[in-house]
Amino acid sequence: MKLQTSQGQALRNSRPTVRGLPALSRRPVRVSAIAAPEKQSAPASLNGTPNWAPNSWRSKPVVQQPEYLEKQEVLKACEEIARMPPLIFAGECRTLQSRLAKASTGDAFVLFGGDCAEAFSQFSANRIRDLYRLLLQMSIVLAFGGGVPIVKLGRIAGQFAKPRSAPTETINGVTLPAYRGDIINGPEFTEEARRCDPWRLVRAYNQSAATLNLLRGFSYGGYAGLSRVSQWELEFMKNTPEGHAYMDIAKRVDEAIQFMIACGMDTNMPFMRETEFYTCHECLLLDYEEALTRLDSTTDKWYGCSAHFLWCGERTRQLDHAHVEFLRGVNNPIGVKVSDKMDPNDIVSLIASVNPANTPGRLSIIVRMGAKALRAKLPALIGAVQRSGQVVTWVCDPMHGNTETVSGYKTRRYENIRSEIEAFFDVHEAMGTVPGGVHLEMTGDNVTECIGGGASISEDDLNSRYHTHCDPRLNAEQSLEIAFYVAQRLRQRRENLAAKASA
Ligand SMILES: O=C[C@H](O)[C@H](O)COP(=O)(O)O
Ligand SMILES: C=C(OP(=O)(O)O)C(=O)O
């Protein structure tokens, strides 16, 4: 994670309002000493986005938002968040965008990974560490195969809000509001837990801040140093085929480092001791996102300061709706999830709306449709984008088009996940375009939520360690197995390109 001091970065808060209620105060909330007074009343189009302000989404239709009963409490909670420091810095977003631009041309590859939904009850330093080191392990495997830098983006430190297919859930004839993520309500099936509680917004902010603090420590405190590659192995992976395959690569990395030291390399170089790590989440809960939208004084542009990268979900990507309106104005790199329902003309309009300057790295299109639909539908989407000259980073989410229910558990089959990635690479290969990354719901824990993979988790195993609050995640072994498969495809792509170049 590129740490950046806030020197010279005066940040100005947006004014929190709640849909249907006037703002409590007409004056924007300031970030105390670092807010520049003369910047307090910038025009709405200051960042070059016409007719946009952090709260302009409020004039648009909005879906998938909680129905709070205590609206004044929401205002208070959002005002409290608006007074808090930003979680990330604008300069970090710009660096990430440059990395994602490289992924759009095949000169880098993006690994998105983390929980479906972060949970207050599962918050611990060990869990953060285990996910972090699994992502490091996977990125070593991918870098080995692909021969390109791996951009690491954790679904962490903010991935709290969930869009749902149905607003309610019925069990044994009792109907309650659906669980919408810990930032909104609780997973327990009781009236009290399912009530939307505005003060969860502040708790989610605080958990995100504490999580980021640890992630920054890992990234810059020596934990992620390349000389430690062989120490990242997770205990329960030691006797698995993936664990052995990983240690084989780690040994080769160690040997390469020893060789470079023998040649005179300085092991104190930043690339040896540190790594960039970025955070991302679905930009769903717009009250929260607005309260964390700040003006970067270096560039006079607005940034969503809840995460480095924000994405728009499949259920909220309507062109004339609130989520697209919000995202078109923040200058972070962003993503849009796309299912097989997306029409080729519509994707071009959507891209034009959120990336009118066609800036490389600004937009990732995260495809999630299942292998069969992907083979049928993705070529037309890629073709339309190519013809329009739009630059995007294509990413494969092999999770959300592959959910099924088995014995009452939401699950996903490893084979279907792998097949969707295979289809993604095949389609790009056939079209001569670039597979830029993968987006996985995964955990460093030894859970049994997805069926199959080397560990042969069966339908009967689902109830053994099923801990997710929403969708099933790949466990550590399954995640590493996916990384080896992707690495193999990246290597194959690299060899094909080299063969073509020398033909
Ligand atoms: O993670 C994505 C969605 O929030 C999730 O798949 C919705 O699940 P549901 O269909 O059970 O509401
Ligand atoms: C809700 C999600 O995805 P999608 O919008 O693709 O369903 C998600 O990634 O958590």
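Residue numbering: from 1, along the chain as shown.
In case you wondered, yes, glycine gets a Cβ from its N, Cα and C as well.
Note: TrEMBL annotation is automatic and uncurated.
Here TrEMBL flags Cys116, His400, Glu441, Asp471 as Mn(2+) binding site. The local packing around His400 (Mn(2+) binding site), expressed as other Cβ atoms within 10 Å of its Cβ over all shown chains, amounts to 21. The secondary structure of His400 (Mn(2+) binding site), as reduced to three states from DSSP, is coil rather than helix or strand.
Close to Arg155 (phosphoenolpyruvate binding site) in the fold, though at least 6 residues off in sequence, lie Phe112, Gly113, Gly114, Asp115, Cys116, Cys280, His281, Glu441, each with a CB less than 8 Å from its CB. Taken from TrEMBL, the feature phosphoenolpyruvate binding site applies to Arg155, Glu314, Arg315, Lys337, Arg368.
What TrEMBL records for 1-16 (among others) is compositional bias 'Polar residues'.
Look at TrEMBL and you will find 42-56 (among others) tagged as compositional bias 'Polar residues'.
Positions annotated as region 'Disordered' by TrEMBL: 1-22 (among others).
Here TrEMBL flags 36-56 (among others) as region 'Disordered'.
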Checklist entry - So around the Mn(2+) site, Cys116, His400, Glu441, Asp471 aside, which residues have their CB within 8 A of the centroid of those CB atoms? => result Met399, Thr403, Thr468, Cys470, Pro472, Arg473
Checklist outcome for this item: The sparsest Cβ environment within 10 Å, among the binding-site residues Arg315, Lys337, Arg368, is found at Arg315
Checklist entry - Which state, by DSSP, holds Glu314 (phosphoenolpyruvate binding site): helix, strand or coil? => result helix
Next on the checklist: For each of Glu441, Asp471, count the other CB atoms within 10 A of its CB; which of these binding-site residues has the top count?
Outcome noted: Glu441
Checklist entry - Taking just the CA atoms, what is the gap between His400 (Mn(2+) binding site) and Glu314 (phosphoenolpyruvate binding site) in Å? => result 10
Checklist outcome for this item: One finds that other Cβ atoms within 10 Å of the Cβ of Glu314 (phosphoenolpyruvate binding site) number exactly 20
